[in-house]
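The region 'Disordered' feature in TrEMBL is assigned to 1-20. Under the heading active site, nucleophile, TrEMBL lists Cys52. According to TrEMBL, the domain 'Glutamine amidotransferase type-2' annotation covers 52-302. Under the heading [4Fe-4S] cluster binding site, TrEMBL lists Cys321, Cys467, Cys525, Cys528. What TrEMBL lists as Mg(2+) binding site is Ser368, Asp430, Asp431.
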Amino acid sequence: MDSKDETRAQSQQAEEGLEPTTAALDQLALSLPLGKKRAGRGAVASGLTHECGVFGAIATGEWPTQIDVAQVICLGLVALQHRGQESAGIVTSEGHCAKNFNVHKGMGMINNIFTDDSMKKLKGNLGIGHTRYSTSAASEEVNCQPFVVHTAHGALAVAHNGELVNCESLRKDVLERGVGLSTHSDSELITQALCLNPPEGEVDGPDWPARIKHLMQLAPLSYSLVIMLKDKIYGVRDPYGNRPLCIGKIVPLTIGAYRNEKVDKLPAEGWVISSESCGFLSIGARYVREVQPGEIVELTRDGIKTIDIIDCPENRRHAFCIFEYVYFARSDSIFEGQMVYSVRLQCGRQLAREAGVDADIVSSVPESGTAAAHGFAREANLNFAEVLCKNRYVGRTFIQPSTRLRQLGVAKKFGALSENVAGKRLVLIDDSIVRGNTIGPIIKLLRDAGALEVHIRIASPPLLYPCYMGINIPTREELIANKLNAEELAKYVGADSLAYLSVDGLKKAVQLNMAVKKPEQVGHCTACLTGDYPGGLPDELEW
């Protein structure tokens, strides 16, 4: 589990270390209804949760392959575990039977779901996988992905990252055509919609690219999809490019460590497609490129090719989720030609320009704010020093033994490095504040360790709006920035000062080193920060 996920998962217990007014406000927020569409999606005490990660792999050359495709997918999902920890699944195909796939799915963490016995059953030359945190459907085994449906033309498997903005209208369309749905999952809806004949009809069997294009016209966002048939995989990214998706090449192990050869010159033993590029090196793959917004790519034993690219509706700009850079992605992933770590470093530099403060040292809440803290320290010409020591063995179900320890709140998660803290004026960097539950106990811990001043700097703008495109952001009433401005929030959490990075500053940091071919199309979704939703508000909104 990513350390950030552990920190966020414990934050409800941490709230008890704050002042009574804090607990009262949060209790009020938790009592507010979330609306029918997301009912039962699983309680989140604080912070943000992504809904899932998708991964696919296919071997090249003659089949049966010597590559253990299921193991490659499993390791790929482990690298994406930070994107979802509720459930996971893998579906494989041996490439010659259209009727049956090998399937294993379950609730929980990946290393608990995929045992030696279950992996032996996942033989195949190609396959797709999924790791999930629910947003629009309950946390139940029936909603585990990938979804598999059996059509007149063979089995079809789909894994989905995102959330359909026009879910209700598409659901009505599918039901009116006589298709039954067994869950409330957007992903099952997508799977069934792919089984519909495209408007122009089909002559000789199913035209899957046409069906995919039809789906993309019915639902312009938000999704990245991996779709598996008997002997091929399609990768699909919505026309806005809201959710990430990238391609990697499995190269021979004899090539060894990374060298300067161009990846297109290296031989391919297989291809992978993934929500993020993190973990490619660990499975013997090299990053090739992103799937472009609106692109449909086809992966076969012969290689990869672009089938089509669907333009953004009404020539709007692309809208890649800017919070992938801020919060969700692993720092070694690559988006838009740049490593996430470098963007976070630049966010820290920009934050120092906008909200510098007299201090002795700069530090971070491990590990979410570390890259930005290094950037802040370099720009402000201050030393970076660790001030919090993370306890990595705190589970999600930690039981507090007494009221006194509950009031200490954060003590179970962090220790303070008192030699670095005592007598110092400290700037503490974090990537975001959602409900404000976690930062207060941390500040108290640092003051107890002897800090003279604690100045909080947040390497992103205040979260003000919920997300309707696949991120589980609390309702507006629960977001602390809607209740308190920066000065009030500083008092609320016990900081000497508190400041956020501006929206323009975040955009500047993200776009500084981007590698783009068409600058006129570049855009980022900032809906959770500005309320400007790229496709407008969802139909029949029930939040």
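Positions of Cβ are set from backbone N, Cα and C atoms, glycine also.
What TrEMBL annotates, mapped onto the structure for a quick look.
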{"residue": "Cys52", "record": "active site, nucleophile", "contacts (Cβ under 8 Å, 6+ apart)": "Arg83, Gly84, His130, Thr131, Arg132, Tyr133, Gln145, Ala159, His160, Asn161, Ser275, Gly470"}
{"residue": "Cys321", "record": "[4Fe-4S] cluster binding site", "contacts (Cβ under 8 Å, 6+ apart)": "Asn242, Arg243, Pro244, Phe328, Met469, Ile471, His524, Cys525"}
{"residue": "Asp430", "record": "Mg(2+) binding site", "contacts (Cβ under 8 Å, 6+ apart)": "Ser364, Val365, Ser368, Gly369, Ile439, Ile456, Arg457, Ile458, Ala459"}
{"residue": "Asp431", "record": "Mg(2+) binding site", "contacts (Cβ under 8 Å, 6+ apart)": "Val326, Tyr327, Arg344, Ser368, Gly369, Ala372, Ile458, Ala459, Ser460"}
{"residue": "Cys467", "record": "[4Fe-4S] cluster binding site", "contacts (Cβ under 8 Å, 6+ apart)": "Ile473, Ala527, Cys528"}
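For the domain 'Glutamine amidotransferase type-2' (52-302), the model's pLDDT averages out at 89. Cβ-based neighbour count (10 Å, all protein chains) for Cys528 ([4Fe-4S] cluster binding site) stands at 26. Residues Cys321, Cys467, Cys525, Cys528 make up the record's [4Fe-4S] cluster site, and a Cβ search at 8 Å around their centroid adds Asn242, Ile322, Phe323, Met469, Ile471, Ile473, Thr526, Ala527 from the same chain. For Ser368 (Mg(2+) binding site), the number of other Cβ atoms no farther than 10 Å from its own Cβ, over all displayed protein chains, is 25.
Other C-beta atoms found within 10 angstroms of the C-beta of Cys525 ([4Fe-4S] cluster binding site) number 28, with every protein chain shown included.
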